[in-house]
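Have a look at the structure below, then the notes.
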Amino acid sequence: MPEMETENTNSTTTEPVTAENPDEKQKKTTYAAVYDPECLPDMLPVYYRRLFPHKPFYRWLSYGLSEDGIFVNREISFTLHDDIYIRYLCFETQQEFEKELCTRCPFKIDIGAVMNTRPKNNRISAAAMAPVQRELVFDIDMTDYDDVRTCCSDKSVCQKCWKFMAVAANILDTAVKEDFGWEHILWVFSGRRGIHCWICDYEARHLDTQGRSAVAEYLQIINNAMGSNGASVSRVFIGERMHHSVRRAYQIIEPAFEEIILRDQNLFSSPKGIEKLCNFIGDEVARQETEQFLLNNVEDGAPALKVWEAFKRYANSMRCNATQSVWSRRLKNIIEEIQLACLYPRLDINVTKGFNHLLKAPFCIHPSTGKVCVPFNASVAGKFNPTTVPTIAQLLQEINAFDEKNKAEDEADEKSRIKDYKKTSMFKGVVVFEEFVRKLETSLKAKSKKLNEINMEF
Amino acid sequence: MDFRRKSKARVERKPEYENLEQKYKHNVLLYRMPPTEDIKIHEFEDLALERLKVLRILEQAQAKSLRFLSDDWKEYVHDELSREGLKGYLRLCTNGGNTAANNASKHEFELQARRRDYISHFILRLAYCRTQELKSWFIAREMELFKYKFSAMTPAEIKQFLDLHNLNYVPLSAEQKNAVKDGLIESTVGQSVAKIEMLDFYKVPFTQVLDLVRSRRCYLKDGQAYVNTHDFISIVGTKQLEEIEHGLKSAQRLIREVETDERLFTLLKSLHTSYTGKDYTVGKDVKVPIESIDQLSKKSFPLCMRLCHEHLRTNHHLKYDGRMQYGLFLKGIGVTLEDAIRFWREELTKKMDPEKFAKSYQYNIEHNYGKKGSLKDYAPYSCAKVIQENVVQGSVNGCPFKYYDQSTLKQKLAAAGLGTAHIQDVAGLAAKHHYQLACAKYFQVTHDTNVEVAINHPNHYYLQSQELMGNRVEKKSHAGPPRKSTKGNVSGSQSTQDYSVYMNADDDDELWNIADDTQKTFESSTQKPAAKSTDIAWEDDLDLTAIDC
Ligand SMILES: [Zn+2]
């Protein structure tokens, strides 16, 4: 059985659609549209017919047809109503794919690998079927941050916790660009509490399992250890010198640490937060001593900012005073290590390692929240607001309102229907997506042109 | 490798000195081209078993959780190699590319070691290509061996190695190096800043040094990794890995043809489980009266045999596989045939007709003692064999540390008198699949000793127990060169027949497609001095043409 992204689609918990600070344009419509999961089957046909960006979606997965079978051998899977799950689908053309989406209206679309043959033939040739390429993907889930967030827990997410995601996306985006030289990177909000990253450069798509796992581990610096209270705690160990990729991450994390960890989350506020802070210390004796020191020297109820200042002073003095102690050796970078442990991307690296892993496609509707899995721009991830991502209900209301308004003016403008999403708050996500596809195609064209020129010379 | 039966005579030719010099130019070699010389099937087996010993030492080092290439690891491997008398490998592993060219006899020894190393690698490919499990084991061990050898080289020797293998890497110019200097200093792990200033650096695609990338041990920019001379172990390791993986695939395609020769088939198939230490075929020194078995089973039997004994005493029955395993063990500790027959008869006839016993069971016992059937003296099972045993419901053969689930194992250990803490220790090792370590721990606990024992054979377990209790002194006669035990499997291979194994120099894939082109091999064979051709059985001559594996 191939790995699947596990997300509990049956859950009924949904975070409230807060319309506190909606986009200017959508002010009128957001307040009324409340998403009801019961109605999803009724809404999906309209969504797939009028809003799903079929064309750029096909253009992405066809990669300018730069390689044999690149679209037709791609495994797609559908999750239909009532959790009916169909694997090994594949499509010959954009038209066929679009038609299938509109008639079957999947609750979820998953994208798998490009196989060496049509995936639907798997029954005939299961033994011989093998993946030949696949985007390198990353999955970051908010629930992995539960030990460092106090604002929400579990499935819920607010603008404060989104900052963790924004920092993570920022770090990862820079790392894959600078260290690995990749540039075709698509970031997608997963519809509730996580983000997905698709790296679509040729070299990344063609990495083998070993290569994927090496990249994943390169980017995974957080170790899970057992804290004093028995709970799992995330730790980072820098070692002798800080590797350049870790230093670069640190330079992103350091300025954000105060706002996110100390102010927003108030993570280390006395007295409970002190234990939390000290759990980051890997040495048992040092941990106990630090905890005792902080409990004795920080007033009860002090905010995280004060506790952190006290901790930094303590750690620095320990490091200077006792040059032969654990503080000047294993714990010499403890301050930076704690900051990294709080904010460095927490990757589900098994998703990245799997060559054949299925991952939810962009522009799916999350069945529990009704939200669209919209692409976003990593460089301005901080401005993205997961709480105002439109739900399918909202989108349908928006096109209805638009239709109403324009009925009189232009009844039979077929062309405008194709670009329905432009009338809605999904617009921005589609623009990000189209921009990504356009860049991808340009670079593929340049590459094939170069190849042609080389061939011409012979 | 091609083992097509040849129609022309083949003559064994001892590889000449200068010939070796040409073929095996360096202590560390990438196994690219298949070997190109005649070897006899004896040597074929010898080389295979010798390499297997080396790989098993590496496996042991890993099982002992020694960190690869750490000082402890090196010390252990070094000691074991010399203890096993594997001097050639020891030299290759510790001497880097430094050749003893100024000392003729030393140099020839070294050349011979290179040859043995090289050829045996290709032989083992044939034995280890058959299942994924075997392949993984083989690849892991081979990569350890390769890296161990590589790590002993100095930068100058590495350069020589690279030239020899046409691996042309051009170091960064001073200017290029300067442009990425900060990154190099920050991210090159394992070298001091001063060293980094001095070392040559090379730019390679990151996919060539995945292990360095994985553990963030080098500077990385735009998909290029910046590595220094010492990191070539990683680059070359990747190449070697690809080479071996590819070779195993080719070997797999050919194996069916190779196995049409029954002797090779048996040899290759049983190689991984073959026992490379003493064979304990007969307990020559001491006769163990059968009356003492109940006593001995409690103190000196490993758990696998103890359970067989108890099962037999309680149920008066033991399935075939169990009787084989236990019966041969008893023979090995010195139970005579007469005693064995008496012992088995007494037990088994409590549940069966004495006539049935005499007819079918007694025969088997005599058979095991080499008195019936093939008249072959069967060797007791080694741990490797016991661990590999197929255990079915209701049988008690196999290694209990492997086949019992944790709770049953703990029960059995408790029944054997172990305390809770000890049970945890032993069962914990078993849970991690360290069956022999679990057994060693069991030994320590039941003997109340801290003596480190390595358990590789149930009969050795027994001997160590007896020695420890002062019941027996290890005989000097065991100190000689260890005997190869696979003769039990490769029947007839020790005979005087002269099987020659020929490996052709033209090693392309396409050679496989010109199977009918015997003319070519004929020509190459007739050019060799035909000094000793008379005693060769024509149809038994093997052609190992074109080993592409
Ligand atoms: Zn929150």
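Just so it is clear, glycine is given a Cβ too, placed from its N, Cα and C backbone atoms.
What TrEMBL annotates here:
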BINDING   B:Cys304, B:Cys383, B:Cys399, B:Cys439  [4Fe-4S] cluster binding site
COMPBIAS  B:487-496  compositional bias 'Polar residues'
DOMAIN    B:294-462  domain 'DNA primase large subunit C-terminal'
REGION    B:472-496  region 'Disordered'
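Listed in chain order, the residues near the [4Fe-4S] cluster site other than B:Cys304, B:Cys383, B:Cys399, B:Cys439 are B:Pro302, B:Leu303, B:Val386, B:Ile387, B:Pro400, B:Phe401, B:Lys402, B:Tyr435, B:Gln436, B:Ile455, B:Pro458, each with its Cβ within 8 Å of the site Cβ centroid. B:Cys399 ([4Fe-4S] cluster binding site) falls outside any helix or strand according to DSSP and counts as coil.
In sequence order, B:Pro302, B:Leu303, B:Cys383, B:Cys399, B:Phe401, B:Ile455, B:Tyr461 make up the list of same-chain residues 6 or more apart from B:Cys439 ([4Fe-4S] cluster binding site) whose Cβ falls under 8 Å from its Cβ. Spatially close to B:Cys304 ([4Fe-4S] cluster binding site) yet at least six residues away along the chain are B:Gln325, B:Val386, B:Asn397, B:Gly398, B:Cys399, B:Pro400, B:Pro458, judged by Cβ distances under 8 angstroms. When other Cβ atoms within 10 Å of the Cβ of B:Cys399 ([4Fe-4S] cluster binding site) are tallied across all protein chains shown, the result is 26.
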